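Taking it in order: structure first as structure tokens, then the write-up.
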Amino acid sequence: MTTTSETSAGTPSKGGDRRLLGGLRDRWNGLPRAQQWLWLIPLVVLIYALPVLNPPLLTTEPGTNFPIALFDAARFALLAIGLNVVVGQAGLLDLGYVGFFAVGAYVAALLTSPDSMLTKIPYLWTLPIAMIVTMLAGLLLGGPTLRLRGDYLAIVTLGFGEIIRLLATIVGPLKGQVGFQGVGRPPGTSADGQPLFTTSNGTTWYWLVVTITIVILLLVGNLERSRVGRAWIAIREDEDAAQIMGVPTVRFKLWAFVIGAAIGGLSGALFAGQVGFVNNQKFDVPTSVLFLAAVVLGGSGNKVGVIVGAFLVSYIPNRFVELAGYKYLIFGVALIVLMAFRPQGLLGARQRLLAYGRQAYKRLVGKPEQLASDNPMTNERGGQA
Amino acid sequence: MTHLLAQGQVLAQGPDWISFDVASFVDQFWSNTFDGLTYGAIYALIAMGYTMVYGVLQLINFAHSEVFIVGAYALFFTLAALGFGPSAPNLNVFALIGDLVLAMLVAMLAAGAIAVLLERVAYRPLRRRKAPRLAFLITAIGASFAIQYAIFAWRGPNPEPALIMFRPQPMFDIFGTIIYDQQVVIFVAALVLMVIVDQFVNRTRLGRGLRAVAQDPDTATLMGVNRERVIVLTFLIGGFLAGAAALFYVMKVPSGVQYNGGFILGIKAFAAAVLGGIGNIRGALLGGLLLGVLGNYGQTLFGNAQWTDVVAFVVLVGILMVRPTGLLGESLGKARV
């Protein structure tokens, strides 16, 4: 367990950070589950305390309100976890994820904003409804299109995202650029009678989203460790082989798509609630690529990685406001550089199962296994040779 | 999706969610058709870039729309330097043609250069490493964004001021619809360019090499085809055509030079390529023309210019679902023996 850096074959093993990160991860994976939880608790407490602490170097003020920047990061993280199910786990490149995000936001707006003609309901109810509607949207898009692969799927999903945005622009009752004001918010007042959740106060929203994110993380984590997750990995690694081995690929791809969509919708509804205003401007293709950048940057297939990626993607423009205008340029270049030098992302994915298998192999044979293809982003033909 | 859900509850009180305007659709049928063919010829020119790169590399060059927009900027600056402005200049025919050809050549060179540069900087390192296709695709998206927003940082969000090249004059009258010389020029010139490329690919030695690589890169290499050179050539031709398309596009849409002006156009061109059969040069032409016409129909039928884009996407999704090989099938190398 100590000299495990070779197990990360498939990438050139140069650079100390790789060794360090790999070692840390292996040590972490080696810990018993209870001990992992023990370590996680202070970390989670720290995460919750962040907006109150407002640490001097990390803070985004005076440029951006720090709790709101944190809310942004948290909602990006939630999105990235959802997109990671689709891109990282099942290996389906989805460029229209913003479409689901938009659908979620519009569900919240249509059902709570006074500008909408529909019956109003309490805000919290819109969260599950947004998830259900986006799941249906995911089925609607995924059902016919998931036979497509790679590039084609990417471009079709891109088209879907654009159709959603264009419909929001063209279809009268969706109010185009005018949008919906006064989207609802969760109930509750603080001791002095002020509402807890407001558009100007990010802290409570941040706590809400972090809580939801943790729940979603647990659910998705369980899913990944189940039969479904193994099927996803099989599909990601080699779809034809998976199908031949009896994995119903279409059904599991649809699963990934629908689950990813639901999380995207949830995130959209939360976003709509915090911002309090929804129009067609926030749901364009650049946003969708930003979501993808979050997943790919951190390391698609790795939950911790995508959270880190989401944090970077949302935090950098908020922290360095002078860079905000260049964020798409920066992340565009970052994607090119990343694919050329570190295609697996900053924290590459390592499937636990594969890792265990490798450990067993090493114990038995006494030397590390040579061939590894951890991730669709690493070399698919097995190494540099 | 949301609107479908909500439709039932709203019909009683609100405005229509989607309305059809059949009267103006019938009214403007022929003018839509001819105008659609003009746009379609432009789509087809850009689609060639997608289809040829796809044929040779099996790669959707997402950044091709940015190759186009770089060409459009080169065209804009050349025209501006030549003294074109917001109103049509008073030039005789030969001077005008000379200026436009010069501007087109500059645009073609700029677009060709950026396409080759893109191949060199972004794709070749990945090819060296035999990277998986997902990595190529993400690189292409990254490159598309990098170029788009580099232009944004340089020129800002607004479109460049419109340059009018010449005032369109009525030429014929078919089915009670006036056809302007501008439309004829665009259509014929685009067609000629595509015929040239088609003949180049089918008749010349280099073209044969290109088809060989499209069919089987390894065998082609064994047969003495320089694969790297063929790939560069493919990107170059695609870039040239995109640069030429820039002239026609700006002629048609004078205010179209904008940092993200290529994006939707690129998607439409890609949809055209898929519609005709990606990898098939003649298919790109057919797909482009069809898509141009269909988009125009959609626009008048639903009564909003943005419906052209929706139609393009719906056609794209539809064709991929029903006939992923497109109308003419994949044939840059594969079908043609």
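Keep in mind that glycine also has a Cβ here, set from the backbone N, Cα and C atoms.
Only residues 6 or more beyond the boundaries of the transmembrane segment (A:37-54), in the same chain, are considered here, and those with a CB under 8 A from a CB of the stretch are 31, 61, 66-67, 70, 202-203, 206-207, 210, 214. According to TrEMBL, the feature transmembrane segment maps to A:37-54 (among others).
Look at TrEMBL and you will find A:66-87 (among others) tagged as transmembrane segment.
Residues or ranges marked as transmembrane segment by TrEMBL: A:92-111 (among others).
Residues 96, 99-100, 103-105, 107-108, 111-112, 157, 160, 183-187, 254, 257-258, 260-266, 268-270, 273 of the same chain, all 6+ positions outside the transmembrane segment (A:123-141), place their C-beta atoms under 8 angstroms from a C-beta of that stretch. Residues or ranges marked as transmembrane segment by TrEMBL: A:123-141 (among others).
Long-range contacts of the transmembrane segment (A:153-174) within the same chain, counting only residues at least 6 positions beyond its ends with a Cβ under 8 Å from a Cβ of the stretch, are 92-99, 102-103, 106, 116-117, 141, 145-146, 279-280, 283-285, 288. Positions annotated as transmembrane segment by TrEMBL: A:153-174 (among others).
Cβ atoms under 8 Å from those of the transmembrane segment (A:205-223) belong to residues 44, 47-48, 50-51, 67, 70-71, 74-75, 77-78, 81-82, 85, 186, 197, 229, 259, 263, 266, 270, 273-274, 303 of the same chain, restricted to positions at least 6 beyond its ends. The feature transmembrane segment is assigned by TrEMBL to A:205-223 (among others).
Annotated transmembrane segment per TrEMBL: A:254-277 (among others), in sequence order. Beyond its flanks by at least six residues, the transmembrane segment (A:254-277) meets 68, 71, 75, 78-79, 81-83, 85-86, 89-90, 92, 94, 97, 100-109, 112, 123, 126-127, 130-135, 137-139, 141-143, 146, 179-186, 197, 199, 202, 205, 208-209, 212, 216, 220, 223, 228, 232 of its own chain at Cβ-Cβ distances under 8 Å.
Sequence annotations record features per position, and here TrEMBL assigns transmembrane segment to A:289-313 (among others). Panel annotation: around the transmembrane segment (A:289-313), residues 73, 76-77, 79-81, 83-84, 87-89, 93-95, 97-98, 101, 217, 220-221, 236, 327-328, 331-332, 334-335, 338, 344-351, 374-377 of the same chain, lying at least six beyond its termini, place a Cβ under 8 Å from a Cβ of the stretch.
Taken from TrEMBL, the feature transmembrane segment covers A:325-341 (among others). Sequence-distant neighbours of the transmembrane segment (A:325-341) (same chain, 6+ residues past either end, Cβ-Cβ under 8 Å): 286, 289-290, 293, 296-297, 313, 316-317.
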